[in-house]
Amino acid sequence: MEDQSISQDLAVTSSYEAAMAALSSLIGQHKKQNAAPRDGRKFALMSKYLKMADLEQSISKLKIIHVAGTKGKGSTCVFCEAILREYGLRTGLFTSPHLIDVRERIRINGLELSREKFLDYFWDLWNKLTNKLSEELLMPRLFQFLTLLALKIFLCENVDVAIIEVGIGGRWDSTNVIKEPVVCGVTSLGMDHMEILGDTIEKIASEKAGIFKPHTPGFTVSQLPEAMSVLQQTASQLMIPLEVASPLNLEWLKGPKLGLDGDHQLINAGLAVALCKCWLERTGHSSLVSNGVVIEDLPEAFRRGLASARLSGRAQIVKDINSENSNSWGNLVFYLDGAHTPESLDACARWFSIATIRESSSVLNGNGGVLRENYHGYGCCNGNGKLSLINLKRILLFNCMEKRDPQLLLPQLIEICASNGLHFSKAIFVPSLSSHHKVVSATSLLTSDASIDLSWQSALQKTWENIIYGKVANVKNVKRPGIINSSSNGFIEENTVESCDSSSDHYNCSSVMPSLPSAIHWLRECARRNPTIQYQVLVTGSLHLVGDVLKLLRR
């Protein structure tokens, strides 16, 4: 029986890897058809696929909350799902991207499907589409296919509510095949995906407002005046109400804190409360809420949902623990946030500042000391004012896509952290392991390419150095470290992890590492060799990078 079980597990694993390979083949589809992302041609194809999958009529049965926005839409969707699940409703949640495994994108009652169940739905949809293709109609793109798969799963699983996050934009997004959502929401808007959505906030707002539908209430949050004007104009043309949701006040939770950390989450939580209130009222569930939802007096289910919501890679704290020796890496803590726009980096920096100071206070006070700031971080001082053996070092682990401008990202991060008394001891720039061109499973091995081009990471390092050492007259003449090999004994000594200081004529506070595994190895070596130092590592700039770090830490 044991051998049979092992064989079945191997068969599922093999089939799952085949499904990942099939999904990977969908990336870059339709190049021959040249379907531009900003017009209706790609969207017209999505409507055809909906018919081919036999979903066109049946999706009207789904009671959907549809959410678009530049930042916070994933968090808003997670808050909505958690709240409505607390009412005993069967929930379906579709978000993107995934960090470790594609099944993260489609959840039932907050949980990923088993591999077996996922494969049943996956191959059924795959084969149904494959049998109806022609030379003029290729398989869908990756996101189109996953949208179809989510809708199919939600229908087959008989969910009471489906919470669906827009991929990019709104008007021409694959998820906008939804014709009759119960309620729509637009989170905070900013300048992102401008090559697709337009180069002004008005153009971007217009694309996001494309999810608004006749007879469907719309909700949003406080926006820039230019963006708000576009949202209001669209709502007016459709003759639908558009309400601006107030940020959540933590006092309304009556004790528990939000499940997602960071002050910016109060905005997303407030929108989620408004969306859920509207959904409950419009679907005949008003009786579940005593006296309706008074924002200042949230029902218990709302409070429990807001406190229990979780979303990996967004303001997430992970303490690295060696499975063989639980104490050897306990002084290495990762703060992970997939922020990749100026607005989200702003929120990330504020969260990191608050979270690390809070953690530092906890650690230091737990050792009988009080928190005292110095330029190199924080130390624990006893009653006599003498520094204890506990010190803190803050390290940035960063990468971003080449289409993003580091001049808009890194200065803001440095400035906000510095304004809160935080200074990075070192910045490490690494390439991500994940690729936009391949879908892998959670058990796939992460391998690095020794010949990978590190010119972009070097450009990020130069940007960082120019910000930190802006007082240096001639940057070209200042000695700069090259690519660091993590096996270098000199590099892993504690005295190389000092605070970035513009008084030096050597750039010793930043490094380019050839791979993410080598960077993690270096950090672990630092922690192992220096047990009296707590290393607080901020991982940000890319959701791919955050996912890769989480995957490596799980091993």
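Just so it is clear, glycine is given a Cβ too, placed from its N, Cα and C backbone atoms.
Just so you know, TrEMBL annotations are computer predictions that nobody has curated.
Listed in TrEMBL for this protein:
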- S96, E165, H193: Mg(2+) binding site (BINDING)
- R314, D337: ATP binding site (BINDING)
- 67-219: domain 'Mur ligase central' (DOMAIN)
Taking the Cβ of H193 (Mg(2+) binding site) as the centre, how many other Cβ atoms fall within a 10 Å radius?
16
Looking at the binding-site residues S96, D337, which one has the fewest other Cβ atoms within 10 Å of its own Cβ?
S96
Between the Cα atoms of E165 (Mg(2+) binding site) and R314 (ATP binding site), find the distance and write it as a whole number of Å.
16
When pLDDT is averaged across the domain 'Mur ligase central' (67-219), the result is 95
Return the count of C-beta atoms lying within 10 angstroms of the C-beta of R314 (ATP binding site), excluding that atom itself.
26
Residues near the Mg(2+) site, S96, E165, H193 excluded, by Cβ within 8 Å of the Cβ center?
K73, G74, T95, P97, V166, G167, I168, D173
Cα-Cα, H193 (Mg(2+) binding site) versus D337 (ATP binding site), nearest Å, comes out at 19
Report, in whole Å, the straight Cα-to-Cα distance of S96 (Mg(2+) binding site) from R314 (ATP binding site).
13
Taking 10 A as the limit, how many CB atoms besides its own sit near the CB of E165 (Mg(2+) binding site)?
25
To the nearest whole angstrom, what is the C-alpha distance linking D337 (ATP binding site) and S96 (Mg(2+) binding site)?
15
